[in-house]
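**Q** Sharing a structure below in structure tokens format, with a few things to ask.
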Amino acid sequence: MAQSKSFTGRDMGIDLGTANTLVYVRGRGVVLNEPSVVAVDAVDGTVLSVGAEAKETIGRTPSNIVAVRPLRDGVIADFEIAERMLRHFIRKVAGNRVLSRPRVVVCVPSGITGVERRAVIEAASQAGARQVHLVEEPMAAAIGAGLPVSEPTGCMVVDIGGGTTEVAVISLGGIVTARSVRTAGDAMDAAITAYVKKRYALAIGERTAEEIKMAIGSAAPGGTWAAAGLDRLTSSRHVTLLDPAPAAGGADRSDGPDGADGDPDAERTQGLLPPERCTVRGRDQVSGLPKLLELTADEVRHALTEPVDAVVAAVRETLDETPPELAGDIMDRGIVLTGGGALLRGMDTRIARELDVPVLIADDPLNCVAVGTGRCVEDFSALRTVLDAKPRTGIAARM
Ligand SMILES: Nc1ncnc2c1ncn2[C@@H]1O[C@H](COP(=O)(O)OP(=O)(O)OP(=O)(O)O)[C@@H](O)[C@H]1O
């Protein structure tokens, strides 16, 4: 691997995500992966906790503590808190070497404005970085997914995160056409919350909605089910799977008759079939009392129609704008899904079915952006051309 004189062992790549922040340290890999949440004292503004500890407080805070998510839709919504969160994470990974001020590559959505770019650079500098470079999220995702971004062939990546879905066609180290829509995992959670409220008059928190999505959410009937996040669900106090719990480790497969002995209950117990129902705890909006509700996978899929349609539309529109030669490459190679939203059951099947293009889910989709950002740090000279791209006009849309 080409060693760069300009980047050293303490330098880092940061995937500053709406939902999670991941930090990659040169020579060490991903060393930090925590929710992008900060708990703040509402009275004097003191930061009480950051990351996983702060996420625990969402929806449970007494009135003097506020749980803040400093990023919305992939960009900094609360500058001061974002900077304090970054400082905390940089200190946490750099330890007492923080005085040496690392060089940092930060990943940003492809459609952000010049002002938003400056806010990210400023926040990282204030948080202790000596030099800040930016890499666009779909480029980082493609590098992290192992796509040959520098070759003269078209590859298409769809990164479905918490706040944004980034769609890009990449060739010769540059983004040829891209779209960034503010519809992703958070919008799916909001759609579930709205459905449960409208249909059952039950109020649920944002964490509960996310847990429902991960438990029984889907974009298409059938489809690949990654069984991701189930370990977290077993400790959930609000969502309980009703079907037999899948075996530890889950299964990566498309559900269907293949490889089955025909007994759905037995398959679920062995971790082969996705769960179809769960119970949810919330507050009845009429009586104001706690209430238990049963939800099915079919109705959650129905609740997710709008955000899932928006993701599919973004992919379709980007393909429409792709030069024919590159579109041919994509037909051969397939579209690669990254980001946590790639784990929504049936997302790949749905896009493949509607656009008639093969779709693959990257290995370890939640880490692709951080790993790709990290590669830019490791192999700075070789990947220098993908960094600090000027905002494009006309080809990246922010909707
Ligand atoms: N198994 C799963 N099924 C469905 N959604 C999932 C699953 N696992 C994670 N997610 C969702 O993925 C999203 C987080 O993905 P990711 O960490 O890639 O986003 P991010 O990088 O923080 O966000 P952004 O790219 O918008 O800044 C969350 O909305 C989360 O609920």
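Note: Cβ is positioned from N, Cα and C throughout, glycine not excepted.
Curation plays no part in TrEMBL annotations; they are all automatic predictions.
TrEMBL lists Thr18, Ala19, Asn20, Gly162, Gly163, Thr164, Glu210, Glu211, Ile212, Lys213, Gly340, Gly341, Ala342, Leu343 with the feature ATP binding site. The region 'Disordered' annotation in TrEMBL covers 242-273.
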**Q** Do you know which of the binding-site residues Glu210, Ile212, Ala342 end up with C-beta under 6 Å from ligand 1?
**A** Glu210
**Q** Of all the Cα pairs drawn from Thr18, Ala19, Asn20, Gly162, Gly163, Thr164, Glu210, Glu211, Ile212, Lys213, Gly340, Gly341, Ala342, Leu343, the residues the record ties to ATP, which distance is largest, in Å?
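**A** About 20 Å separates the two most distant Cα atoms.
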**Q** Please work out the number of neighbouring Cβ atoms within 10 Å of the Cβ of Ile212 (ATP binding site), leaving out its own Cβ.
**A** 26
**Q** Near Gly340 (ATP binding site), which residues of its own chain have a C-beta under 8 A away, given they sit six or more steps off in sequence?
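**A** The list for Gly340 (ATP binding site) reads Ala19, Asn20, Ile160, Gly161, Gly162, Gly185, Pro365, Leu366, given in order along the sequence.
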**Q** List the same-chain residues at least 6 positions away in sequence whose Cβ sits under 8 Å from the Cβ of Thr18 (ATP binding site), in sequence order, or say none.
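**A** When sequence neighbours closer than 6 are ignored, Thr18 (ATP binding site) has Ser36, Arg69, Leu71, Arg72, Asp73, Gly74, Gly161, Gly162, Gly163, Thr164, Ala184, Asp186 within Cβ distance under 8 Å.
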